[in-house]
Every structure is written in C-alpha cells, then in structure tokens.
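Per TrEMBL, these features apply:
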- 3-124: domain 'MobA-like NTP transferase' (DOMAIN)
Ligand SMILES: Nc1nc2c(ncn2[C@@H]2O[C@H](COP(=O)(O)OP(=O)(O)OP(=O)(O)O)[C@@H](O)[C@H]2O)c(=O)[nH]1
Ligand SMILES: [Mg+2]
C-alpha cells in the first residue's frame, strides 16, 4: 500500500513556521512519519503533498530521502482538494494511506496493524480515531471531536481510502485505537513539549534497560 503524507498546511496553531519541518529532538516532525513508513513492510511508495505554504518541507524531504520519497506540489488552502489531487498525481488506483505529518510517535507495528484492520474491514475507506479519554489522559484538549455510538472520539490523522474512487465520498469504518502514539498530534506548543517529554522518557527507559542488560 502506498502512503501520502499531507504537509501543506499553515501550521498556524503551532506558530513556528512550516509545521512538518519543526524540529523535535533534532529531527523534523515529518521525518518521524516518513521513517516509520519506510520501516513498514506493507508500505510501498511514499509521497509528501506540499503546498506554496511549505516550500522548505519539499526541499528538506528531497534532500533527506534522496529520491526515495516523492514530493507532490498541491495548490494549498483546501485539504480535501489537495488530497484528491495528490492521489491522482501519484496515479494510485488501489487503497492508499493518507497521513498527517504531525504524528511523530507513529511506528511500523501500528501501521501494520492498521493495514491489517483495513484488509479485514470490507469497506472502501477507514479512519483511525482515539477515544477522547486517551487524549485527556495525556493532558490534550483536542479541538475536533466526533460522537461515535455515544463515545467521543478524535481523528488520529490516518485514513485509508480507495485511490480509484478518490473523487467520491466513500463508505468508511471508524477504527478506534487506544494507543497513546496515535493520540498525540502536534498542533500546539504544549503538544510539542509533551511529545518531547514522552520521547525523552522512552529513550531514558531504553538506556536504563541496556545498562541493566550490560551489567
Ligand atoms: N497539501 C495540504 N496539506 C494540508 C492542508 N491543510 C493541512 N495540511 C496538512 O495536513 C496535516 C494536518 O493538518 P493540521 O494539523 O491542521 O496542520 P496545519 O493546517 O498546518 O495547522 P493549523 O494551521 O494550525 O490548522 C498537516 O501535516 C498539514 O501540513 C492543505 O490544504 N493542503
Ligand atoms: Mg489545519
């Protein structure tokens, strides 16, 4: 399955310039998503949809991934129109994963599990959500919330849809996942800070573990 990362927004809530290339522990945000996708067996080609609002994102991705990731120039200003344009420009006529650039804790295991859920769902499209209590547990107050069968859920920024029918609204299923990694979208400075803390904790834990195993 190919993947398209949407990366042409204004980043206005974060207010640090082009959000996809804002650095998190020395690495651009979008690189966390690209690296996770590159390490996922079931993912084929990776595309990044930039816009006139994100020129640096395009050049950084091109330099860093040396032709392995294709940059698509969209018009900007309309997320859905840009997504349709990108799927067509990439000539994808099969199911395609559309992701946000701001989910840095995403990892290959989660991506594989999401693809497996899609393959078993029997519906053309699937959207991934986090229950609101997972976001609240992280101290995040999401500004987009849906009501699903009486539960409040928040879009995780990962969708799969059928590329050959991208211009039409497709029936979709909601995949609700409790993983913290999917609940942490970076929209604000507070979320960026929270993510820094979580990544530092993970790296401290693994340092402690390797110390224990070498002792
Ligand atoms: N190509 C393209 N990408 C978009 C567009 N709008 C948002 N995106 C990307 O989609 C992802 C999720 O969007 P948001 O989290 O709202 O990011 P944003 O629009 O840059 O930030 P805000 O201005 O704070 O809403 C980000 O990776 C954006 O770069 C668009 O109109 N065109
Ligand atoms: Mg936006």
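Placement of Cβ uses the backbone N, Cα and C atoms for every residue, glycine included.
TrEMBL: automatically predicted annotations, no manual curation.
Under DSSP, the residues of the domain 'MobA-like NTP transferase' (3-124) split into helix, strand and coil as follows: 49 helix, 24 strand, 49 coil. Within the model, the domain 'MobA-like NTP transferase' (3-124) shows a mean pLDDT value of 97, rounded to a whole number.
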